[in-house]
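Asks: Please find one structure pasted underneath; my questions will follow.
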């Protein structure tokens with residue numbers, strides 16, 4: 001019965017005026033709107049203890065005293081160095097609280113859970129193991145040996161009576177008794193024996209030929225009709241979505257006059273959210289890197305990474321890999337600085353030799369004077385669904401259908417939930433063929449369209465022919481990248497905290513960075529590793545009401561340990577081809593703009 005019909009019936013019987021008058025003098029009616037507190041189960045059980053008589057069957061009425069087992073499992077550290085800060089710098093209370101990230105796992109396991117009637121993922125396999133070596137039980141009533149080649153008297157006696165007599169009847173029992181062979185005589189049946197000795201002998205006789213697992217005789221419940229499904233919880237671990245690896249191979253322009261820097265990040269156009277942190281890479285030649293040597297005398301190997309691993313918890317057909325290019329700040333707006341890259345060709349280098357030398361000289365001066373500042377240059381985006389569907393759609397669909405037909409009930413339920421969370425169009429970024437792309441459709445950055453809101457409009461227009469993208473001026477460039485599913489345990493990998501992830505055989509090898517994900521929805525998983533990262537995102541600044549000349553504006557970000565300027569802490573991550581940590585960071589500069597917008 002549905003809930004609505006129940007409410008109608010109850011209100012009809014208990015809410016009528018006639019019944020209210022009848023019961024007014026006998027019982028006080030409880031209003032239907034009054035909230036009734038449910039019974040506290042633990043309190044009721046503790047106050048109403050079962051009264052069982054002492055005896056040999058008492059243990060069947062109660063839970064075993066040793067039902068729960070406490071096990072210690074060593075916590076695995078996935079990095080070479082611990083993620084926690086040094087203990088000498090911590091307050092004792094904080095040090096004790098951080099023990100949850102280092103202490104071993106305490107596992108509480110039920111010892112007799114295998115004897116329950118609940119269905120688990122290992123129930124069929126466990127039942128076969130328990131029934132292995134079990135002798136099939138044969139009873140006398142099930143084995144009526146009819147030998148039709150016996151003598152004639154035995155045949156006449158059986159043909160008329162035994163075959164026409166229903167099994168289990170009185171007549172059948174008489175025939176069984178008459179035709180059965182006598183049992184062997186019981187020894188010592190008339191001798192006087194102590195009761196204790198008799199009980200002991202009977203107990204020993206009952207154990208002879210007895211299978212140790214009597215409950216294994218009972219068939220396991222069907223998976224779809226199980227009353228209870230008992231899942232064995234896994235040891236908590238850090239959450240990780242579907243992972244893809246992006247390798248930046250080369251970046252070439254028609255002319256080479258200055259260093260160009262790249263940024264990768266994932267965006268969800270439908271949710272209008274940035275779903276990963278930035279990954280900075282540098283594909284410049286050693287000659288171009290040398291122009292910034294006064295500002296970056298030392299290059300940490302962690303800033304030389306050219307490959308990154310992105311995690312995607314909620315796959316979507318609207319995810320884009322956005323690539324942004326920056327250059328050292330120069331005099332002039334973005335259009336003036338991009339003009340040589342859009343006009344000059346490599347074949348015209350001899351004709352424009354003097355002009356190229358002048359541009360290189362100007363770029364070299366800017367690198368020496370303004371090497372710490374950058375300005376927006378160009379951008380493009382890659383629709384990830386096109387990569388996945390074009391290189392491995394059929395194989396992926398076949399493998400998914402095979403895997404769905406197999407597996408346990410929990411695995412099928414999990415896959416169904418993932419499919420429902422994504423939508424009708426299933427995106428799988430874990431099973432596709434690696435693809436090497438040459439990206440050539442870069443667009444010049446617009447000084448007044450640098451915000452994320454403008455980017456989402458551009459991404460929406462990239463999925464369909466739009467006049468909005470046609471108005472953007474292209475920049476001639478060739479970026480070669482490789483996109484593939486990330487391996488299970490990649491070598492030479494750095495965590496978002498720049499810790500070395502196992503296995504890491506050689507610390508001198510160029511690393512791969514794990515890029516931290518910003519999921520579109522909250523992920524309900526325990527935090528098992530220590531993480532202490534703060535992301536600062538300047539969005540916009542408005543100086544249009546200020547009097548005077550406000551020209552090139554940059555936001556300077558510092559993490560201070562005090563009010564004195566010297567107390568800036570070196571805790572800001574470096575970008576690419578630089579030191580690992582800095583005391584300050586600057587946003588890209590938009591030339592002569594009083595209301596700049598930022599994207600980093």
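Any Cβ shown, glycine's included, is placed from N, Cα and C.
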Asks: For the record in TrEMBL, which of the ranges 101-122, 123-144, 145-166 is the region 'Disordered' one?
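Replies: Checked against TrEMBL: region 'Disordered' maps to 145-166.
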Asks: What is the pLDDT of the domain 'C2 DOCK-type' (531-600) when averaged and given as a whole number?
Replies: 91
Asks: Per DSSP, what is the residue tally for the domain 'C2 DOCK-type' (531-600) in helix, strand and coil?
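Replies: Final tally across the stretch: 3 helix, 14 strand, 53 coil.
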